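Annotation comment: Swiss-Prot describes 87-178, 227-254 as region 'Disordered'. Residues annotated as compositional bias 'Basic and acidic residues' in Swiss-Prot: 154-178. As annotated by Swiss-Prot, DNA-binding region applies to 171-230.
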Amino acid sequence: MDPAASSCMRSLQPPAPVWGCLRNPHSEGNGASGLPHYPPTPFSFHQKADFPATATAAYPDFSASCLAATPHSLPQEERIFTEQHPAFPQSPNWHFPVSEARRRPNSGPAGGSKETRTSSLGLVDTTGGPGEDCGVLGSTANETEKKSSRRRKESSDNQENRGKPEGSSKARKERTAFTKEQLRELEAEFAHHNYLTRLRRYEIAVNLDLSERQVKVWFQNRRMKWKRVKGGQPISPNGQDPEDGDSAASPSSE
């Protein structure tokens with residue numbers, strides 16, 4: 001028997017290259033992941049009669065042993081375990097579904113929050129638009145009311161200012177409408193006497209159905225007119241109208 005074959009039979013573990021081939025292809029990651037690796041399958045030697053004939057016949061068929069270590073060659077229970085717990089850590093894509101799943105729910109609320117933000121913004125815009133319009137309309141209405149009130153005040157002030165001269169002119173225009181008979185009697189009396197006594201003024205007022213004031217005012221106006229036309233008489237030495245003195249002296253004056 002070949003010494004190399006006997007040493008291989010005596011040792012439970014094959015040489016380093018043989019042991020690396022028999023191990024799981026993903027066994028390098030077992031050290032990092034901490035998962036146990038499956039024991040290698042026993043060697044299968046080809047028993048030949050002419051063993052020393054060829055040197056290669058003494059070595060086992062490593063291809064079969066390496067294929068036996070694959071998950072497809074393992075028993076069903078071990079295959080399920082390897083499928084559930086792979087020995088070699090997967091690529092970063094293995095974490096992608098989890099991160100994607102985490103991102104998806106996060107993106108859902110984020111998207112929802114964005115949608116809610118946009119919807120809230122939309123609601124604010126839709127509700128704020130008419131609110132602003134109402135505020136603008138209210139301000140314009142207040143401005144129009146203020147302007148109208150100012151215009152009313154100005155118009156009322158103008159009317160009052162206009163009404164005052166009109167009232168004064170009306171008061172001035174309110175003159176006694178003497179009849180022809182009254183004017184005839186007054187002219188005849190003025191031709192005889194430019195100044196009237198208190199008693200004579202009272203008699204004329206009673207006869208013509210006038211007041212003493214009306215008679216007095218008429219005679220004053222008539223004297224002013226006569227002075228403008230004729231030059232009139234000189235003023236009395238006392239510098240006072242005789243009617244005024246008479247009326248002031250009489251107790252029955254106005």
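Using N, Cα and C of the backbone, Cβ positions are placed for all residues, glycine too.
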Worksheet, complete the sentence: Mean per-residue pLDDT in the DNA-binding region (171-230) works out to 86
Item to complete: Go ahead and report the DSSP secondary structure tallies for the DNA-binding region (171-230): helix first, then strand, then coil.
Response: 45 helix, 0 strand, 15 coil
